[in-house]
Amino acid sequence: MAIIEEARSGQITDEMKEISKLEGIPVEKVRNRISECKIILIRNAKYPSKKLVPIGKGLTTKVNINIGTSDEVVNLQMELEKVKVANRWGDTLMDLSTGGDLDDIRREIIRASELPVGTVPVYQVFIESFKKKSGGAYFTEDELLSTVEKHLKDGVAFMTIHAGITKELAIRALKSNRIIPIVSRGGDMIAGWMIHNNSENPYRKHWGYLLEMFKEYDAVISLGDALRPGATGDAHDEFQVGELLETARLVKSALKEGVQVMVEGPGHVPLNEIAWDVKLMKKLTGGVPYYVLGPLPIDVGAPYDHIASAIGAAISSAAGADLLCYLTPAEHLGLPTVKQVEEGAIAYRIAAHAGDVVKLGRRVRKWDDEVSYYRGKLEWDNMISRLIDPQRAYQVYTQFGIPKVKACTMCGGYCPMMWAMDQVRKIGSSSSL
């Protein structure tokens, strides 16, 4: 039985109990929110990952790590090193490979990952069509559906399914004065297929069958945003919002069938529009989990888009976004290295926690309070061991050698905390104060 159906029947399962313990919320609240798809469990029930990853209302914000080859750079060993980074810093992992033996790469990544793995199945069918038929848009509807099924059988836990874009929306977007008509790779593949074949979106045509497949594996449909804004000047235009309205209808039909679903979001969004972007999506979809790419509040940040987008990600998390898709320093410029993947992952781990301090309050802020307490006491071992990256923190703390005094090498003997502790002792021992 699918987890939504278990929840709707009143069952309290071991997974629900584990989510309750992991997140610190009552198990009945977990069950109720799963029944409404306000909490989902990112997993393939037939091939569960090592890490249990619940996403949704009242839970800590999770971080997704994208990796994968390109047709320019095919290096499986490098991608497997990225998996190690994801295992340390991430909650979910997506294989976005477009170069090499895609079946072999996907299976190797799934084997190496401790996290639930997601894919974008249209990539594979489009690329194989391009190689075999000299055109990416020549794949058949059966080939697309077979590829989705193959990914599920391999243990994929969630997939980006670009079902919200219609042929009419695609044509209008391509003819529009948008700064960039379509920036979603998978979305553009679906748009190209619809135009080439003069046919409606194959995902929409076979939506019922897709729901059956995902329900069998109790995997998650991640409804892709093919018309997400790729420039801040395109944010919340008629095409982004039009697709979101279509997506909201698909969400309702998925929930009716007991299929776990989440919605993907932008993209490039000005800072002042990020919070209400989250609220708009939640309102239209009934509060299902929101999986956001950033968003990036500026378009000029590369090669620092991991920093720029982390600002947007923190705001979206605070406003209620549930899963953050990270960006790396290589975003908009090229395939990321292992180091760049780590830099992006850390930036998003920080953004997620910053958002959670607002969204969840005391439940998560006690971590910050502990660190601050030990910092105020100059108890370096206790403080550093609780930081987001203790190893790196210790390297910085000792980069000029062990400090000569109890303070760090920035303030040295003039450390305000050191002086304050001394002043407290003097006040305590003085009868005149």
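Glycine too: its Cβ is placed from the backbone N, Cα and C atoms.
Features as listed in Swiss-Prot:
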BINDING   Asn66, Met94, Tyr123, His162, Ser184, Arg185, Gly186, Asp225, Ala226, Leu227, Arg228, Glu264, Tyr291  substrate binding site
BINDING   His268, His332  Zn(2+) binding site
BINDING   Cys408, Cys411, Cys415  [4Fe-4S] cluster binding site
- Task: Identify which of the binding-site residues Ala226, Cys411 has its Cβ surrounded by the largest number of other Cβ atoms within 10 Å, counting every protein chain shown.
- Result: Ala226
- Please state whether DSSP places Tyr123 (substrate binding site) in a helix, a strand or coil. helix
- Message: In the three-state scheme derived from DSSP, which category covers Gly186 (substrate binding site)?
- Response: helix
- Of the binding-site residues His332, Cys408, Cys411, Cys415, which one sits closest to Tyr291 (substrate binding site) when you measure Cα to Cα? His332
- Item | Which of Tyr123, Tyr291, all binding-site residues, has a Cβ with the fewest other Cβ atoms inside 10 Å | Tyr123
- Item | Closest of Tyr123, Ser184, His332 to Cys411 ([4Fe-4S] cluster binding site), Cα positions, binding-site residues only | His332
- Note on the structure: In three-state DSSP terms, His332 (Zn(2+) binding site) is classed as coil
- Note on the structure: Sequence-ordered list of residues in the chain of Cys408 ([4Fe-4S] cluster binding site) that lie 6 or more positions away and have a Cβ within less than 8 Å of its Cβ, or none, is Trp380, Tyr397, Cys415
- Note the Cβ centroid of Cys408, Cys411, Cys415, the recorded [4Fe-4S] cluster site, then list each other residue of that chain whose Cβ lies within 8 Å of it, in sequence. Pro403, Val405, Ala407, Thr409, Met410, Gly412, Tyr414, Pro416, Met417, Met418
- Item | Integer Å distance between the CA atoms belonging to His268 (Zn(2+) binding site) and Gly186 (substrate binding site) | 17
- Recorded substrate site residues Asn66, Met94, Tyr123, His162, Ser184, Arg185, Gly186, Asp225, Ala226, Leu227, Arg228, Glu264, Tyr291, farthest C-alpha pair in Å: 20
- Query: Given His332 (Zn(2+) binding site) and Tyr123 (substrate binding site), what distance in Å do their CA atoms have, once rounded to a whole number?
  - Reply: 19
- How big is the Cα-to-Cα gap, in Å, between His268 (Zn(2+) binding site) and Ser184 (substrate binding site)? 12
- According to DSSP, which kind of secondary structure is Asn66 (substrate binding site) found in, if we only use helix, strand and coil? strand
- Item | Tyr291 (substrate binding site) - helix vs strand vs coil (DSSP) | strand
